[in-house]
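Undergrad: First the structure, then my questions, so here it is.
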Amino acid sequence: MAGGVFLLNGAGAPDYGGALTVPVVVTCLMAASGGLIFGYDIGISGGVSEMESFLKKFFPGLLKTTRRASKDVYCMYNDQALTAFTSSLYAFGMVGTLVASRVTRRVGRKTIMVIGGSMFLVGSLVNAAAANLAMLIVGRMLLGLGLGFSGQATPVYLAEMSPPRWRGGFISAFPLFISVGYLVANLINYGTSRIPEWGWRLSLGLAAVPAAVMVLGAVLITDTPSSLVLRGKHDHARAALQRVRGKGVDVDAEFSDILAAVEHDRRNQEGAFRRILRREYRPYLVMAVAFPVFLNLTGVTVSAFFSPILFRTIGFGSDAALMGAIILGLMNIGGIIASGVAMDRYGRKLLFAIGGALMFTCQACNA
């Protein structure tokens with residue numbers, strides 16, 4: 001997070017004073033709405049892949065196989081074209097993340113969120129109008145690029161814009177919106193599955209709604225003070241900081257720390273990738289890589305993405321499988337709200353331990 005005000009404050013986040021203002025809440029909520037598009041697509045794809053009208057249009061061979069199943073459809077969703085449909089999102093999401101991480105310093109977090117939301121908006125419309133598999137996959141590629149851009153910029157935006165004392169809670173808004181998007185997608189799938197022939201188009205096309213919300217929100221909000229300072233716009237940065245902290249608040253101390261942090265970042269930018277491999281930084285590098293890698297290796301994302309299909313493979317009916325995904329989404333929201341409340345009070349380390357223990361226990365029960 002280049003230019004973060006906590007860069008030079010290793011002893012903990014400083015308290016610069018000031019109340020929790022309406023502008024900072026609105027600004028951060030608009031930014032966090034980027035999580036809606038991520039959660040919506042995670043939820044919508046698994047449910048659509050289980051709809052007969054969708055399979056009939058693009059994967060008729062797979063539909064015939066599942067219809068011939070005598071008990072359940074275990075190991076029958078092994079169609080390579082279906083795999084290309086689902087995996088293209090994540091492949092191009094990785095590409096989008098790598099590109100955005102290089103560009104965001106130059107154009108700002110706000111612009112990256114606008115670009116990401118616009119790509120997702122176009123991709124959702126392409127998917128809704130898909131006439132063949134190629135068009136469907138192109139739409140998924142655009143969705144992936146949009147997710148990569150927005151997913152890279154939004155957490156950074158929230159961390160740089162939120163007040164230090166409430167930073168953990170504000171950052172939790174992003175995963176909370178992901179879970180809300182996931183829940184909404186499964187509710188929509190539950191309803192559109194009853195629409196013959198074109199229900200899947202409605203499910204995929206409604207992804208344009210959260211994308212439009214994100215684009216509009218990103219256009220209306222200001223960029224972060226740290227990002228503006230990085231691009232030499234000091235006056236705009238100070239004005240943005242004053243706006244979100246409140247008119248009567250003295251922002252001199254916080255703005256000075258932002259300037260110092262950005263300057264420190266610039267001095268250490270050259271050769272940063274070589275320095276991170278040094279012995280003294282190795283524990284931080286290992287943990288920074290290990291946490292996201294092992295989180296995904298637990299299968300939690302895959303389980304959420306394919307939850308309707310997973311429920312079908314163990315014998316659930318179509319409606320029951322979609323309802324199971326809805327229950328999963330509700331539990332996810334409950335966990336995120338609880339962790340968001342506890343994060344700034346009890347710290348991140350305790351939540352990591354509790355989350356890891358819960359995941360281990362549930363995986364053992366599943367096995």
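We number each residue from 1, going along the chain as drawn.
Yeah, the Cβs are placed from backbone N, Cα and C, and that goes for glycine too.
These came from TrEMBL, pasted as-is:
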DOMAIN    27-367  domain 'Major facilitator superfamily (MFS) profile'
TRANSMEM  81-100  transmembrane segment
TRANSMEM  112-131  transmembrane segment
TRANSMEM  137-158  transmembrane segment
TRANSMEM  170-188  transmembrane segment
TRANSMEM  200-221  transmembrane segment
TRANSMEM  284-309  transmembrane segment
TRANSMEM  321-342  transmembrane segment
Undergrad: List, by number or range, the same-chain residues at least 6 past the transmembrane segment (284-309) whose CB is under 8 A from its CB atoms?
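TA: Long-range Cβ neighbours of the transmembrane segment (284-309): 42-43, 45-47, 49-50, 77, 86, 182, 186, 189, 276-277, 321-322, 324-325, 328, 332, 352, 359, 363.
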Undergrad: Could you tell me whether the transmembrane segment (112-131) and the transmembrane segment (200-221) are in contact, taking contact to mean 3+ Cβ pairs under 8 Å with a sequence separation of 6 or more?
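TA: Counting Cβ pairs under 8 Å (6 or more apart in sequence), the transmembrane segment (200-221) reaches the transmembrane segment (112-131), since there are 3 or more.
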Undergrad: Report, as numbers and ranges, every residue of the chain located at least six residues beyond the transmembrane segment (112-131) whose Cβ falls under 8 Å of a Cβ in that stretch; write 'none' if there are none.
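TA: Sequence-distant neighbours of the transmembrane segment (112-131): 31, 34, 37, 41, 58, 96, 100, 103-104, 138-154, 157, 201-202, 204-208, 211-212, 214-215, 218-219.
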Undergrad: Taking all residues of the domain 'Major facilitator superfamily (MFS) profile' (27-367) together, what is their mean pLDDT?
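TA: The predicted confidence over the domain 'Major facilitator superfamily (MFS) profile' (27-367), as a mean pLDDT, is 83.
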